[in-house]
Amino acid sequence: MTKAITVSGLHKSFGRTHALDGLDLSVGTGEVHGFLGPNGSGKSTTIRVLLGLLRADSGAAQVLGRDPWTDAVEIHRRIAYVPGDVTLWRNLSGGEVIDLYGRLRGGLDPRRRAELVERFELDPTKKGRAYSKGNRQKVALVAAFASDVDLLILDEPTSGLDPLMEEVFQRCVTEERERGRTVLLSSHILSEVEELCDRVSIIRKGRTVESGSLAELRHLTRTSVSAELAGPPGGLAGLPGVHDLDVRGRRVRLQVDTDKLDAVLRSLSESGVRSLTSTPPTLEELFLRHYQDEAEAAEGGVTVR
Amino acid sequence: MSAPAFAARPASSRQLAGTGTLLRFALRRDRVMIPVWVGVNALMVLSMPNTLEGLYGTPAERADLAGRMAANSSLRAMVGPVLGDSLGALTAWRVGVYAGALAAVVGLLVVVRHTRDEEESGRQELVASGMVGRRASLTAALLAAAVANGVLALLVTAGLAGQGAAGALAFGLGIAGVGMVFATTAAIVAQLTESARLARGLTAAALGSAFVLRAAGDSATDDGSSPLTWASPLGWLTNLRAFAGERWWVLGLFAGAVLVQGAVAYALAGRRDLGMSFLPSRPGPAAGRLGSAGALAWRLQRGGVLGWSTGFLLAGLVYGAMAEGAADLVGDNEGTREIFRRMGGQSGLTDAFLAAMAGVLGLVAALYVVASVLRLHGEETSGRAEPVLAGAVGRLRWAAGHLAVAFGGTVLLMLLAGAGLALGHGEQVGPLLAACLVQVPAVWVIGGVAVLLYGLAPGAATGAWGVAGAVLLIGWVGPALDVPRAVLDLSPFGHLPKLPGGDMEWSPVLVLTALAAALVAAGLAGLRRRDMTT
């Protein structure tokens, strides 16, 4: 599989702040890639490097097989970008801006533009200053989805959109994937990422901490298990990978590292299982774990679970 | 139960809730801008008596100067009439109009910055959601302007007290009065327009009209008694007659204008929705034809270019029409001729006057070129440049659009100024166009400095205003007052041939053009290499 974006060991500092500290990222052509991380973790800095707006201090980055700093213009012909906070010119109408953005890229499909304006319920005749936050986002989204490009870079694109529009957005991304386009989606809306993304990368403090398909990531985390047993449970505490064990008579709740699930189930069935629920971790839990690790590390100690 | 408790509070006190906090906040935000503007203004005024004393040491010399200046209608149009020959009166004559105009600029900048600017940016929304009355922001902005002008009045009064306490007080209050009149004008305009840029532009246009009215009135009469002079707040400052038999009641005109304009602004402010204006914007086209960064730059700047072009054409017409008077009135006064030769050209008085005017317009064009170049900076810091640069647009192409408007616009402005001078004067079309176009390389150098700062040190880009301001000051104060040659040489305008009348010299023109090109090239090289900021 060819790569739309490859980044390795990217470093970027602003004065004494190390925004990027050896970041890696790999986005395959045709995939929708989720780009997650807490506020200030370096997502937008990465995206600006990928757009050639910032120059990396060290490390390698390639976008569509080219260097984003030296070949910015050639790359941009095949890229559409939506920032998280769209600012418009107050005296230009939304329609004018959509067409401008389109022409500054590879060009605009007028039929698709009209269709998207309809679907996003955007009034393109309003002037820049008259748009609400959500409507400003729509202007940039319509321009991006109507552009004839290979790669979409979306930086928290749905901030300010209502749930209906969020759904329209998700359908548009799905359509883009069906047309074989690559999408890099930075987002805090985890349900959106879970719904849309083939693979995700989670970054923290300018470094990639997890990367892979959701199934792969889930494998690295814990599954919650709760069971009602026929007899008293035995030996669960001694099993590797078991956390937060809570036994009340014959009711058992526990968390287990997903790759150690097998041994736990065997132990439970020895006692006789009456009911069993096993919940795979949601992306939210996966994500929160990284947030919490950070918070705990900051407090100076990791509690044993 | 709580509703009557709310109703019991008088409405007026709630309209102003939070004013104190907002005022302190405004002064905190302006802690650099206000002291610098006020300081420069006070310095300009307070240094004048010494300068004048150095040049015209004896009462006889000063009386001679006053007599010659009073007889000269063109000079009266530029500076105002001479009303007395004391050091104080000459100081008030020489700097009054400019100190007043500078105070007006500070007033309008402060007021627009804390009213319409805040609303347009959306910051006001969060502020207004606190315990802040509907009219508190306007009040705080006007009070901030009052603080700036009050301090200026105090400095001028204290600094000039040695020339006569009454005159110093009248002059200080008069300057501050002009400042507050235009601060309240800005307060009204800020209610009418949706954009802060337009509010500033319209108020500046009002100030410009006040200057032209006063200039026309003062060129016709030598004691400020023309109705045109009385129609201009800048003329009131003249008619206050500081150090020349003060007419205290004129201060009532300032107070009245401030009260009336303030009342109008208050009435409007209490009547409209936050962020809305009385001149709403119309819907635009659903589809656009803009297809390149260059077209976008032109679209963004064309309004400004149109405004400046109109101003330059009109100013050219007015000054051109005044040129004949320069020769008629002065006649055979050898002293005045000498002054004009220093200001302008070598041959006839009319030519010298026209050359001086072409120089003045060139200086003003420096403000245009800085404003236009710094649009790049505004586009970048507002985040609007980012999506454009994320398109297939190189940084140089993006910058080139705005720079073409800035540098090409300079040529257009000076052409129009020359055409205006020629039309107003009725002859000498070729020489007057040349006189104006010869200013272009010097204007370009200032633009080049702006590009250089923007490209290499974007954080200091607004320092280009400081450079333009310094050049303006040298150009205005320099020629009439024997400022040392070394200082005059710092300004690129000091090196230009004095046309019409003088001999055309190609070397300064070529050197300045090359210098401007080098500055632009260095700035663009920096822009290419650096990170874009947001």
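Glycine residues also receive a Cβ, built from the backbone N, Cα and C atoms like all the rest.
Residues 87-88, 90-91, 94-95, 98-99, 102-103, 105-106, 109-110, 144, 147-148, 151-152, 155-156, 159-160, 162-163, 171, 175, 469, 473, 477 of the same chain, all 6+ positions outside the transmembrane segment (B:32-49), place their C-beta atoms under 8 angstroms from a C-beta of that stretch. According to TrEMBL, the feature transmembrane segment maps to B:32-49 (among others).
What TrEMBL records for B:95-115 (among others) is transmembrane segment.
Annotated transmembrane segment per TrEMBL: B:136-160 (among others), in sequence order.
Positions annotated as transmembrane segment by TrEMBL: B:166-189 (among others).
Under the heading transmembrane segment, TrEMBL lists B:201-217 (among others). Sequence-distant contacts of the transmembrane segment (B:201-217), counting only residues of its own chain at least 6 positions beyond either end whose CB sits under 8 Å from a CB of the stretch, comprise 77-78, 80, 97, 101, 104-105, 108, 112, 182, 185-186, 189, 192-193, 224, 226-235, 238, 304, 307, 311, 314-315, 318, 322.
Marked as transmembrane segment by TrEMBL: B:248-269 (among others).
Residues annotated as transmembrane segment in TrEMBL: B:305-322 (among others). Residues 73-74, 77, 201, 205, 208, 212, 215-216, 219, 353-354, 357, 360-361, 364-365, 368, 405, 409, 412-414, 416-426, 432, 436 of the same chain, all 6+ positions outside the transmembrane segment (B:305-322), place their C-beta atoms under 8 angstroms from a C-beta of that stretch.
According to TrEMBL, the feature transmembrane segment maps to B:352-374 (among others). Listed as Cβ neighbours of the transmembrane segment (B:352-374) (distance under 8 Å, sequence separation of 6 or more from its ends, same chain) are residues 74, 78, 301, 304, 308, 312, 315-316, 319-320, 322-323, 326-327, 340-341, 343-346, 402-403, 405-407, 409-410, 413-414, 417-418, 421, 425, 428, 432, 435-436, 438-440, 442-444, 446-447, 450-451, 454, 461-462, 464-465, 467-468, 471-472, 475-476, 479, 493, 496, 498-502.
Residues or ranges marked as transmembrane segment by TrEMBL: B:403-426 (among others).
The transmembrane segment feature in TrEMBL is assigned to B:432-456 (among others).
Among the features that TrEMBL reports, transmembrane segment is placed at B:463-481 (among others).
Summarising the annotation, TrEMBL assigns transmembrane segment to B:506-527 (among others).
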Non-local residues, at least 6 beyond the ends, that sit with Cβ under 8 Å of the transmembrane segment (B:432-456):
316, 320, 354-355, 358-359, 361-362, 365-366, 368-370, 372-374, 376-377, 403, 406-407, 410-411, 414-415, 417-419, 421-422, 425, 463-464, 467-468, 471, 491-493, 495-497, 499-500, 504, 508-510, 512-513, 515-520, 522-527, 530
Contact between the transmembrane segment (B:166-189) and the transmembrane segment (B:248-269) is defined here as three or more C-beta pairs under 8 Å separated by at least 6 residues; is that satisfied?
yes
Under 8 Å, at least 3 Cβ pairs, sequence separation 6 or more: does that hold for the transmembrane segment (B:166-189) versus the transmembrane segment (B:95-115)?
yes
